[in-house]
């Protein structure tokens, strides 16, 4: 259960049953109770089209636009747009963007999805030429299936008959622990509430469902009000509108839109403010089921609607069996966290929203970690009522959410304003009062104390300017001009009330040209559609947990540590074993083979033995007949601890206590000490980069089936490294690897997170299957996954940099400290790669680097796309930015001056030619129109006080491959059957990167047969043994080469047959099998500090421009231009998709995504509600990608280059553009010199760094333990 919307479906009810509901609406399957679906027509992605019958246009277009990579989120995208088209066959681009606003994707970067669905819009001609150049001709209108609304599914006749004939009656559903009662009348609902006052009344299940799922809340009785019509009634009156508490937020929005259109403008202030908030509340699927009454009654402190309802003089009608009462929705209604004045037996019947009065102004504001579909950090509802014809305040309300345990009324602040004219002097007094009135302690839940307090001031200031605008338009008498300037807002201040840009512009994507002499049948270099794209779009694609349940199958749930560092004194499993459905509970003592796994030469326990060293470490496992039974039983296991001293969480603590995993690494070239002595300027500082959760859409999943003889085990797993899983299972069970086969059909995203921990989880699951002699399935929930599996390494970089007055860097000395967590995992390899990439694209002749993996009591961090590279060049770029302060050059000139210019040696003595790097740099400058836009940015910043722009151009040199030579190899098995069809097996796993598609293209070229005759079924250790991980961007390099060799050998073996029968067909020649292996010979000697750790380099350059709201720290990426060297692309559409997806992942790393741990080491951010990855709203408004032409690579297949990882780093172009914008804001605030902006540059950090007068008004908080740890 989550809010990623991958499980979106469509619901429809007959109007006789639910007249207030729209005809079709999308929902989250994971949040919609089945008990609530009586009479509903449910449509899932499988129901609208398939590859076996016919495709629906919405499925076809996302596939043809290359909008599917791993495919796990694709059905949700399809159903979101399908629902929109059912209600509006010709939507606007804004409606498409809003519809997709709640859907999450970790692979694509969203751009191809948007472009594919843009074709449903009425107007597409403005972008069609550049767009079609990007996707080939596959989306030309005449090539697409037409959308014909008359051919859509009808409402099922049997449900119509049921609605017309069936007598409505109360429904009761009974489960093991809960009873669900669904009454049909208000009287019956009130009777039930009277009998069961503690029973919750559920409507949309958006709050209760999450509590039950993630917090283990149990309600013996649940009352559903979904079928009580009185809760959905809407009544419009001259004095306002009364909306039933059961009305969904989407219905409320429709009602308010109608009222705003029909009422005079002066009566719509509150209605319009509510509409503004509703457009940002959650995603459409949540708004379709979440209710107005639920929002009020839940009384969450950061509710977006409650502050506006309270400020707008709204009231609620409460009812019980004793009668009705109308209560104002004001400060007295909310009495604490999640508490209101409702009595236990009362329900919210309706909410009354009054029309605004003449001279009244109401506004709503909010700020959230992500622009859309995110809970607010702080929100506000503000209202002011003026004396008629003047600017003297008669009445005022100011309510905030997110700054207390419930909605907060700033009454003392309001008293500073009432009776006074609306001007800066009045508001200045209000600001001072607000600082004293709305306070937060240093350890306040949610943290961000200074930021949240400053937002209360910023939002009040923004309201002040909005009201000035309103007064200018409404108060000035036509014949009087002398006081008009009172309401004029200075032009440079207008930016405070203007929105950030949000219109997605047409983007341009330039492919490489296919050689003129290439055969039309040869698919290499062409934009071939992902081989599983249609299966993704139709829901036919099979993932690990899609395999059907088998007879006797069991489910496994792990028990994790609740302490960061403690001795296990006792594990009590008695209660768990006595629970229904439980088959087994086992610990490390029950492992028959090895009780540990060895990564980088250091052992990691499979299950904790005697001691735990982080919260989330796996202690034991429970096996039961169903997932709910296993989860309940695992919660019943009691682990007793004795806390141990000296917990370590941060790298500073690790350095102080010398807590490291060995070896530490060091590398040096030149005479660093002498170079510092000769430098004109020296700077020392530190840069921090936070961790990043993989957030693959498909969580860790595996199914282990004992075959019943010869101790054989068949493992189906979502893993990047089938051989590692095979070896781990064999070692854990103490059996030969030949008895274990691991199978991978496809993976729903991985990014490095499905390597080491997957093998441990598979070992535990295999042990359960071994002991029970039954199939066992393990699928982690999102929260479990995030807690157990680790993330990207947070890094602290301490640097000393020497440079000359002309901007040349002559010396750099950097120490990198990576927070490894409690076990080594891949951390030593990560810190090695950090050092190998510390130069990035810059030729620093005197360079020294040291790196250490810090051992802490946090979950082990692990491999992640880029594997240390996103952390280290970012640090290098930060050093250059710091150098700008004293050099008389702009940062762009400093970067350019220090680039590698000619054939050079890296700091590890590997020779390379930077010619392609310089081409990328120059082409990116030209394509991005950098010189002109720098002037435009300077002009914009001069004219706007509260919005600032920044632009940054960043280069990249990225080494592709593993420094360990044995990892750069692959194997392939190619079968050619008598009918001419070809079956290819190779060692790479398909996780969205398109490796199967590219391998098919290779086989097609080498065998000279159409793609349609080539099939790839799965990756299996029984077909291709001793595989290497699908990682480090070398999957196509090595597996493609292995397939090429195998095909060439086969094709050569057919040569005598072809000569004997030159007029024969392919089918008549075929009958053969072959295996081939190929690898790069790479190494790194850390003693000599030299080597050839990479087969080749790939180069890129990226220019990004942002616009920053200085009052809130929110920003938009206005434009990104990216030039990438990928050699000769095998499939440009797939490669551009990888580039865009990696860039967006980097954008999240450097500007959005935050992992938060409690002071005791507990991960707070365990799910999409707390952890925000980029969404559609975060895509650059114009995103142009150019594949560099004329680049060649003799070290990889067909002169191509690895593409999956490098451009993650280029997301930092947005970070440095933000830093430029912040610098401009600081200049306006009278601040100069270096300033701190760590990564991620969240709105909190950006806002505080801007140093506005509002942030400066917030006093330092008292010394206390903060809510969250400051990592790394």
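Glycine residues also receive a Cβ, built from the backbone N, Cα and C atoms like all the rest.
Per TrEMBL, the features are:
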type	residues	note
SIGNAL	1-22	signal peptide
BINDING	30	[2Fe-2S] cluster 1 binding site
BINDING	70, 73, 105, 107	[2Fe-2S] cluster 2 binding site
DOMAIN	173-358	domain 'FAD-binding PCMH-type'
BINDING	201, 202, 203, 204, 205, 206, 207, 208, 304, 366	FAD binding site
BINDING	720, 751, 865, 1032	Mo-molybdopterin binding site
BINDING	867	substrate binding site
ACT_SITE	1205	active site, proton acceptor
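Only 751, of the recorded positions 304, 751, 867, 1205, have a C-alpha within 10 angstroms of the C-alpha of residue 107 ([2Fe-2S] cluster 2 binding site). Closest to residue 201 (FAD binding site) in space, going by CA atoms and restricting to the binding-site residues 30, 73, 105, 865, 1032, is 30.
Shown in sequence order, 224, 225, 226, 231, 246, 289, 290, 291, 293, 294 are the residues of the chain, 6+ apart in sequence, with a C-beta less than 8 angstroms from the C-beta of residue 203 (FAD binding site).
When the binding-site residues 304, 751, 867 are screened for a Cα within 10 A of the Cα of residue 1205 (active site, proton acceptor), the ones that qualify are 751, 867. Just so you know, of the binding-site residues 205, 207, 720, the Cβ with the fewest other Cβ atoms around it within 10 Å is the one at 207. Of all the binding-site residues given, namely 207, 304, 865, 1032, none has its Cα within 10 Å of the Cα of residue 73 ([2Fe-2S] cluster 2 binding site). The shortest Cα-Cα distance between residue 207 (FAD binding site) and any of the binding-site residues 30, 867, 1032 is the one to 30.
If you average pLDDT over the domain 'FAD-binding PCMH-type' (173-358) in this model, you get 93. For residue 1205 (active site, proton acceptor), other Cβ atoms within 10 Å of its Cβ number 26. Annotated [2Fe-2S] cluster 2 site 70, 73, 105, 107; additional same-chain residues within 8 Å of its Cβ mean position, judged by their own Cβ, are 68, 69, 71, 72, 74, 106, 108, 697, 748, 749, 992, 1141.
With a 10 A radius on its CB, residue 867 (substrate binding site) counts 25 other CB atoms from all the protein chains. The Cα atom of residue 865 (Mo-molybdopterin binding site) lies nearest to that of 70, taking the binding-site residues 30, 70, 205, 304 as the candidates. For residue 70 ([2Fe-2S] cluster 2 binding site), the number of other Cβ atoms no farther than 10 Å from its own Cβ, over all displayed protein chains, is 30. Cβ contacts within 10 Å of residue 865 (Mo-molybdopterin binding site), excluding its own Cβ and spanning all protein chains shown: 26.
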